[in-house]
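Here the structure is laid out as structure tokens; the discussion comes afterwards.
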Amino acid sequence: MAAISASAPYVARDRDLRNRALVRGWLYVVLLVLFALVLVGGATRLTESGLSITQWQPIHGVIPPLNDAEWQEEFQRYQQIPQYTELNKGMSIEAFKSIFWWEWAHRLLARSVGLVFALPLLFFWVSRRIERGLGPKLVGILLLGGLQGAIGWWMVASGLVDRVSVSQYRLATHLTLAALIFTATMVVARGLAPHSEPAADRSTQRLAGFIVLLALIQIYLGGLVAGLDAGLSYNTWPLMDGKIIPGDLLILEPAWRNFFESPKTVQFVHRLGAYTVFAVALWHMIATRRRLPGSTHARRATLLFVLVLVQASIGIGTLLMQVPLHMALTHQGFALIVLGFAAAHWRGTKGAYPLPQEIVLRS
């Protein structure tokens, strides 16, 4: 009679490890493309190119204008929006082409991310390389990507009628969702990686997760700063307007609007957010080194603090230099590096996803 042995070795373990390595490698490629997409999106914003394409054509929009007549048609559409009539009137078609290519590249890269994610996902699913429990996570990321495309057009549409730029609310939402997709992808990839040490204690896990949350909030605040050009408002540090706490922070009515619409208040809150991330990362490093001396968790916590310190220095430099394009892009890109490492560290404190278990029948 057959007996069930739960302790029998899982015969497919090697296959599962190989599948995990393949899926993890694919997700790392997705992360690289996402990182490039965020950088190109930042350059599109900083060069004020985001409104140069006034239509959303998911399929036909892949093909740019191919002759003079098509370029004139595209330019005429741009000439009908407030950004042209109020800011760029008299722009030459050559100048228009320079901003058009940034936005076109951003949209093309966004479409590419969708393909880089969806097609391998379909292949891995059909070939049964996606283990149980992983499918919903990956489908969730795919759905977030679809939502991000819709939010991207929702953001662009806000600048086509009554404004000369996009809504800072929508810009911050678009940037934060990109960061959330990046975080989710990193967490899944890290969960599939081998871990050299057991999971950390609950307190270390919670604080590591809290840093991820703080980093996401700080990126949202950075989106508001970008949307309002608030980085150009006060280019001194550590003082603002000659004070630690500047005046007129609540000048708008109702008061909540100041935290989203006042450049001074938004920059001040972004500074406070940076100080908070710095302080919590420092505390996390000290606490982890005390609880788990010499561990991989402690080394990662130390590196995370160093990354936060570097990012803070880049932010201060960007402010003092009055937001040059290369510094602003570096600040945005390094924010994603800090976030990605924080997410990987948090998943690392929890350990790898359990390997699938199988009950083996023996006679």
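Indices start at 1 and increase along the chain as displayed.
Using N, Cα and C of the backbone, Cβ positions are placed for all residues, glycine too.
According to Swiss-Prot, the protein carries these features:
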- His270, His331: heme binding site (BINDING)
- 21-41: transmembrane segment (TRANSMEM)
- 107-127: transmembrane segment (TRANSMEM)
- 138-158: transmembrane segment (TRANSMEM)
- 174-194: transmembrane segment (TRANSMEM)
- 207-227: transmembrane segment (TRANSMEM)
- 268-288: transmembrane segment (TRANSMEM)
- 301-321: transmembrane segment (TRANSMEM)
- 323-343: transmembrane segment (TRANSMEM)
Maximum Cβ pairs under 8 Å to the transmembrane segment (174-194) among 107-127, 138-158, 207-227, 301-321, 323-343 is reached by 138-158
Per the Cβ filter (under 8 Å) with a sequence gap of at least 6 from its ends, the transmembrane segment (268-288) is approached by 200, 203-204, 207-208, 210-211, 214-215, 217-218, 221-222, 224-225, 230, 240, 245-246, 249, 259, 295, 297-298, 301-302, 304-305, 308-309, 312, 315
Stretch winning on C-beta pairs under 8 A with the transmembrane segment (21-41) (pool: 207-227, 301-321, 323-343) is 323-343
Reduced DSSP state (H/G/I helix, E/B strand, rest coil) at His331 (heme binding site) is helix
Under a three-state DSSP reduction, the secondary structure at His270 (heme binding site) is helix
